[in-house]
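Participant: These came from TrEMBL, pasted as-is:
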{"type": "ACT_SITE", "residues": "Lys180", "note": "active site, for sulfotransferase activity"}
{"type": "BINDING", "residues": "Lys180, Gly181, Gly182, Thr183, Arg184, Arg261, Ser269, Lys386, Gly387, Arg388, Arg389, His390", "note": "3'-phosphoadenylyl sulfate binding site"}
{"type": "DISULFID", "residues": "Cys369-Cys381", "note": "disulfide bond"}
{"type": "DOMAIN", "residues": "172-406", "note": "domain 'Sulfotransferase'"}
Amino acid sequence: MDSSNGLLHVKTKKTILACTAAMIIILPVYLFYCLACCCETLQEPVLHEVGAEAKLYDHAQRLSAEPGQLTEPPQERQIPQPHHLKHHHHYITWSTWDSQGTDEMPGMQNAVAQEHSEVDAPLYVRNGDPAEPGGTLNEASGGISERGRTQAASPFNASNTFSGFGQRRLPEAIIIGVKKGGTRALLEFIRVHPDVRAVGAEPHFFDRNYDKGFEWYRNLMPRTLEGQLTMEKTPSYFVTPEVPARIHAMSAHTKLIVVVRDPVTRAISDYTQTLSKAPRLPAFEDLAFRNHSIGLVDSGWSAVRIGLYAKHLEHWLRHFPQQQLLFVSGERLVTDPARELARVQDFLGLKRIISDKHFYFNQTKGFPCLKKPEGSSLPHCLGKSKGRRHPAINARYIQQLREFYKPFNLKFYQMTGQDFGWE
Ligand SMILES: Nc1ncnc2c1ncn2[C@@H]1O[C@H](COP(=O)(O)OS(=O)(=O)O)[C@@H](OP(=O)(O)O)[C@H]1O
C-alpha cells in the first residue's frame, strides 16, 4: 500500500511538473498571439460577411445591453475589443464623460474652454473609439431597410475593414447646428433608429480639427453595417464660414440637418450656459446691447450673432442645394418630437420607425424623453444641462431683440420656405 501510494505520489508530482512546464511554454506564446491581435478571433464570434449573422449578432448585443435608469446614463454596451485594445484604450463611460461636463471629444478640453462651449453628457463615448452601442436589428423594421442612399464618391469614403463589426465610414448626415437649438435631443432621438449609428461627442472636425485629416475623422466614427447611416453633430459648423466648403470636399452628397430655435430664446439659453460656468458674468442685457436704453443690439456678441440664421445659411447655399438641408424646429422637437422625427427620417431616406410610441413626457424634466434609448431598455431623459432654467430678462429687452431679429427671421423663412412662428 505504502509503496503504491509513493509511486502515485511521484506520478502526480511528475504530472504537475509537466503541466507547469507546459504552461510556462504555452502562456508566453498565447500572450504573444494576443498581442499580435488574434485573440479576438478566439474569443468572439467572427462574422465574415455583413449579412444575417451580423444582424443576429448585433441584435444579441442589443438584447444583452445593460439597462440604464431614468435620467441616468445607461451603461455602455460592451463591444468586444481585441485584447490589446482593451489595454490601450481608455474607455469613457457616460458618467465619466458627464463629469467632464462637455459634449466635446476627450482631449479637446482647451477647445471646450472657448466661449459658450457645450456642457452635457453625450452617450457611451470611448476615447479613440467613440462608437456608440446600437446599430441593431429592430423587429419592427424587419431588418435593415433598403434606403437607397447615395454613397459619397469621394475617396475619403473608402473605409477600413474589420472582421465582424462593420466598417467605419465618414458621416453621410451631419447635424450642423444650431447651438442650443436642441441638437443633442435630435441626435439621441434619431439614433434610436436601427439604421443609424452616431458619434456621441461633438468631433468639431470641420471647424477645429480639420488639419488632423479625414482618416482621423473617420476613425472617430462608429462601425456600421451595410445599410446603416453614420451621423455626428457639431452645432458650431452652421456658423463657421469655412465649414460648408470642407464638408462639400468630403462629399457633395452629405445631408445636413439644422435644428433652429427662436433666436431670442436661443441667445438666452446660450447665455445661461455660460453663466452656469461663470457666475460673475455681466447681465444678459449688458452683453446683448451696445446701448440698451436705445435698444442698440450688439450683433458682435456670439450669442446674438448665432441667431442670424439667414446670414449663416447664405454660406451653405453657395455649396449645397436647398434639398440637401433640413430645418428642424427646435420648438416642435419639444412639443411634438414624433412629428419632427418623421420629417428627419424621411429626409434621411429611412423607414419611419421612430414614432409617438418612443416618447413620453417627463413632468419633472419638463421635456419629452425616450422610453428606450439606444442600447438601453429603460426610459431616459437628457442630462441636467439640457433644459436649464433661464434667468428672467426684462420684457423690454426681449421685445427689442425680437424687433432686431424680425427681418432676419423673415428672410430665413423665405429662404427655407418654412414659417417657424417666432414673431
Ligand atoms: N427632449 C429634450 N430634453 C431636454 N432638452 C431639450 C429637449 N428637446 C430640446 N431641448 C432643448 O435643447 C436645448 C439644448 O440644445 P443643444 O442640445 O443643441 O445644446 S448644445 O448646443 O449642444 O449645447 C435645451 O436648451 P435649454 O432649455 O436652454 O437648456 C433644451 O431646451
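Yeah, the Cβs are placed from backbone N, Cα and C, and that goes for glycine too.
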Participant: Rank the binding-site residues Gly182, Gly387 by the number of other Cβ atoms within 10 Å of each Cβ, and give the residue at the low end.
Facilitator: Gly387
Participant: Validating a neighbour-count step here. Other CB atoms within 10 A of the CB of Ser269 (3'-phosphoadenylyl sulfate binding site): how many?
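Facilitator: Result for Ser269 (3'-phosphoadenylyl sulfate binding site): 22 other Cβ atoms within 10 Å.
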Participant: Distance between Cys369 (disulfide bond) and Gly182 (3'-phosphoadenylyl sulfate binding site) at the Cα atoms, whole Å?
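Facilitator: Cα-Cα distance, Cys369 (disulfide bond) to Gly182 (3'-phosphoadenylyl sulfate binding site): 13 Å.
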Participant: If I take the alpha carbons of Ser269 (3'-phosphoadenylyl sulfate binding site) and Cys381 (disulfide bond), what is the distance between them in whole Å?
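Facilitator: Answer for this pair: 18 Å between alpha carbons.
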Participant: I'd like to know which of these binding-site residues, Arg184, Arg389, is least surrounded, judged by other CB atoms within 10 A.
Facilitator: Arg389
Participant: Write down the Cα-Cα distance for Cys381 (disulfide bond) and Arg389 (3'-phosphoadenylyl sulfate binding site), rounded and given in Å.
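Facilitator: It is 16 Å, counting Cα to Cα.
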Participant: Please work out the number of neighbouring Cβ atoms within 10 Å of the Cβ of Cys381 (disulfide bond), leaving out its own Cβ.
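Facilitator: By my count, 22.
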Participant: Report the recorded positions (Lys180, Gly182, Arg184, Ser269, Gly387, Arg389) that meet this criterion: Cβ distance to the nearest atom of ligand 1 under 6 Å. Use sequence order and write none if nothing qualifies.
Facilitator: Lys180, Gly182, Arg184, Ser269, Gly387
Participant: Return the residues near Lys180 (active site, for sulfotransferase activity) by Cβ distance under 8 Å, restricted to its own chain and a separation of at least 6 in sequence.
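Facilitator: In sequence order, Pro235, Arg261, Arg266, Ser269, Asp270, Gln273 meet the Cβ cut-off.
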Participant: If you count Cβ atoms within 10 Å of the Cβ of Cys369 (disulfide bond), leaving out that atom itself, what do you get?
Facilitator: 22
Participant: Name the secondary structure element type, per DSSP in three states, that contains Cys369 (disulfide bond).
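Facilitator: Note: Cys369 (disulfide bond) is in a strand by DSSP.
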Participant: Please state whether DSSP places the residue listed as 'active site, for sulfotransferase activity' in a helix, a strand or coil.
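Facilitator: Where the residue listed as 'active site, for sulfotransferase activity' sits, the three-state DSSP reduction gives coil.
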Participant: How would DSSP class Ser269 (3'-phosphoadenylyl sulfate binding site) in three states?
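Facilitator: Going by the DSSP assignment, Ser269 (3'-phosphoadenylyl sulfate binding site) falls within a helical segment, counted as helix.
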Participant: In Å, rounded, how far does the Cα of Gly182 (3'-phosphoadenylyl sulfate binding site) sit from the Cα of Cys381 (disulfide bond)?
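Facilitator: That comes out at 13 Å between the alpha carbons.
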Participant: Can you give me the average pLDDT across the domain 'Sulfotransferase' (172-406), rounded to a whole number?
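Facilitator: Over the domain 'Sulfotransferase' (172-406), the predicted model scores a mean pLDDT of 97.
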